[in-house]
Amino acid sequence: MAAVKRREGLRFPARPSLPAPGSASAPAALPLSRVKLIMKSCPDVSSINQDALFLTAKATVSGASEG
């Protein structure tokens, strides 16, 4: 299990270290605020779960790198 940090009584796993930007293994990332703005442009969407937002951004980057 990953190291656990304590902050104001909340427990959450420590973030893994990310590779340096520009390295071959650095993941391409989309700004989540921009993805959320695009998702909210649909009139059927009233609120967006953070997990759904993250997975949509990740799937978009993953799909773009395959093609």
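Placement of Cβ uses the backbone N, Cα and C atoms for every residue, glycine included.
Among the features that TrEMBL reports, compositional bias 'Basic and acidic residues' is placed at 1-10.
Residues annotated as compositional bias 'Low complexity' in TrEMBL: 13-27.
Confidence for the domain 'Transcription factor CBF/NF-Y/archaeal histone' (29-61), expressed as mean pLDDT, is 91. Per TrEMBL, the feature domain 'Transcription factor CBF/NF-Y/archaeal histone' maps to 29-61.
Per TrEMBL, the feature region 'Disordered' maps to 1-27.
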Seminar exercise, completed: Beyond a gap of at least 6 residues from its ends, the CB atoms lying under 8 Å from the domain 'Transcription factor CBF/NF-Y/archaeal histone' (29-61) belong to none
